[in-house]
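Undergrad: Dumping the structure here so I can ask a few things about it.
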Amino acid sequence: MHRATEDQDVSDSASRVLAHQGRSTALDVARGLAIVGVVFNHVVDGLIGASLLDEEAGLARANDALYLLRMPALMFLVGLFVPGGVRRHGVTGYLRRRVPLLVYLYVVWQLVEGSIEIATNDLRNGNTDPVDIVEIWLPLAHLWFLPLLAIATVVVVLLRPWRRDRIAVAVLVGLVLVTVLTWGRGTPVLGLRGMSLVGFLAVGAAIGLPRSTRWSAAPWWTWALVGTASTLPFLYLASGDVGPATVLQRMDATSQLQSAVAAACGVVSLLAVARLVSAVPLVRSAVAAAGRVTLPVYLAHVLVVASARIVLDHAGFQQPVAMVLVLVPLGVGVPWVLMSARSTLRLRWMFELPRPLARWTSPR
C-alpha cells in the first residue's frame, strides 16, 4: 500500500439548516466516525514523523487502510444534503451560502495554520516560511480540502446528478469515471488536489437525504450483512497495491480502479458501522456530537494534536498506543469546545463568516 503522507460542510448557520431536515442520527454517527478517522490519521502521521512509531507497526498499517476511505466518506455524506439545499434555496442561493464560507475559512485558517507553524518551527523541527502563507494558491497541511469542496460543490450543483433522467445518469457515470481516472493524480495547487473525490460527492447527491434516511432505518442485522459484504473486499483490496485519492503518487490504471473500489467498499462499511453504533445510546451520543461539528474539528484538529504531541513528547510520554488514546479525543474534543464556546472566547471569526458577509450570503 502506498504510504499516506497528508492529510465541511457546515458552519453553525449551515448546521441549523440541516437540523430541520429530519437528518438521521445514523448519518451524524457516520460523519462522526469519518472525522474521528481523519484525526486518527493525522495523529498517527505525527507519531511516524516524530519517529515515535515505526512505519510497519500495526497502527501504521491501520492508518494506511483508513486513509483510503475517510475523505471519500466525508464527501459522500456531504453530498447527501446537497439536493435538499438546492431545492430550498435554488442553485444561486445554495452556492451563495456555501462557497463564500469555504473560501473565507480557507483564507483565515491558512493564516492561522501558517503563523502557528512558523512560531513553532524550532519545537517541531519544521521549516514553514512566511512565503508559504503568502502563496495562497498552495494550501498548507490539510487545508486543501476547503477549496476542493468549494469547486466540487459548484460542479455537482450545476450538473445536478440527482435528477431522474438519462442526462443525470450520464453525468453521474462521467463524474465517477473522473474519480477513477484522476485517483492519486493531480497537483497541490488550490482546489485541484483530491479532485478525484468529486465522484463521491456526486453519488451522495444522487442518493439524497430522504433515501439515505430510509436506508439507515433498516434493521440492524441487514446492516450487519451489508457491512460484512463490503468489509471483506475492502480488506482484501487494501492489502494490495492501492493508495488514497488525495496523496499524489504514480499509479497505473489497475491500481487506480482497485483503490476507488476499495474506497467505495470502505464507505459502505463505515455506514454499516455507523448504523450499528447508533443502536448503542452512550456511544451514539458522543460520536453523533462529533458528526455535527465536522468542519470545526477538521479545521482545528491538526494544531491541537500537534501541540499536544509536542507537550507529551517533552514530558517523556512516548508510548504510541497511549498517545493515540490521548490525542484522538483531544483532537475531536478541543475543537468541539472551541466551537461551542466561540462567542464567549471571541472566536466566531474562526468558524463563521463575518456578519456583513453572512447577511450577503443569506437567502432572500
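Cβ atoms are placed via backbone N, Cα and C, with glycine included.
Unlike curated records, TrEMBL annotations are generated automatically.
So TrEMBL lists the following for this protein:
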- 26-339: domain 'Acyltransferase 3' (DOMAIN)
- 33-53: transmembrane segment (TRANSMEM)
- 65-86: transmembrane segment (TRANSMEM)
- 98-116: transmembrane segment (TRANSMEM)
- 136-159: transmembrane segment (TRANSMEM)
- 166-184: transmembrane segment (TRANSMEM)
- 190-209: transmembrane segment (TRANSMEM)
- 221-239: transmembrane segment (TRANSMEM)
- 259-283: transmembrane segment (TRANSMEM)
- 295-312: transmembrane segment (TRANSMEM)
- 318-338: transmembrane segment (TRANSMEM)
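Help me understand the surroundings of these features in the structure.
TA: Beyond the transmembrane segment (33-53), the same-chain residues lying 6 or more positions past its ends with a Cβ under 8 Å from any Cβ of the stretch are 4-7, 59-60, 62-63, 66-67, 69-71, 73-74, 77, 142, 270, 273-274, 277, 287, 290-291, 294, 297-298, 301-302, 305-306, 309, 313, 318, 320, 323-324, 327-328, 331-332.
Residues of the same chain lying 6 or more positions beyond the ends of the transmembrane segment (65-86) and with a Cβ under 8 Å from any Cβ of it are 1, 4, 7-9, 17-18, 21, 23, 27, 30-31, 33-35, 37-38, 40-41, 94, 97-98, 145, 149, 152-153, 156-157, 160, 162, 194, 197-198, 200-209, 212, 234-235, 238, 242-247, 259, 262-264, 266-267, 269-271, 294.
Within the chain, the transmembrane segment (221-239) has long-range Cβ neighbours (under 8 A, six or more residues past its boundaries) at 1, 64-65, 68-69, 258-259, 261-262, 265-266, 268-269, 271-273, 275-276.
Sequence-distant contacts of the transmembrane segment (259-283) (same chain, at least 6 residues past either end, Cβ-Cβ under 8 Å): 25-27, 29-30, 32-34, 37, 65, 68-70, 72-73, 76, 179-180, 183-184, 196, 199-200, 216, 218, 220, 223-224, 226-227, 230-231, 233-234, 237-238, 242-245, 251.
Taking Cβ pairs closer than 8 Å, the transmembrane segment (295-312) reaches residues 8-11, 35, 38-39, 42-43, 46-47, 50, 105, 109, 112-113, 116, 120, 123-124, 141-142, 145, 318, 323, 326-328, 330-332, 334-336, 338-339, 350-351 in its own chain, all 6 or more past its ends.
Remote same-chain partners of the transmembrane segment (318-338), defined as residues 6 or more beyond its termini with a Cβ less than 8 Å from a stretch Cβ, comprise 35-36, 39-40, 42-44, 46-47, 52-53, 57, 59, 289-290, 293, 296-297, 299-301, 304-305, 308-309, 312, 345, 347, 350-351.
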Undergrad: So if I exclude everything within five residues of the ends of the transmembrane segment (190-209), which remaining residues of that chain have a CB under 8 angstroms from its CBs? That is, six or more out.
TA: 21-23, 27, 71-73, 75-84, 136-139, 144-145, 147-148, 150-153, 155-156, 159-162, 168, 171-172, 175-184, 245-246, 248, 260, 263-264, 267
Undergrad: Against which stretches of its own chain does the transmembrane segment (98-116) lie, if we need a Cβ under 8 Å and a gap of at least six residues from its ends?
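TA: For the transmembrane segment (98-116), the far contacts come to 9, 11, 14, 85, 128, 130, 132-133, 136, 139-141, 143, 146-147, 149-150, 153-154, 295, 299, 302-303, 349-354, 357, 360-361.
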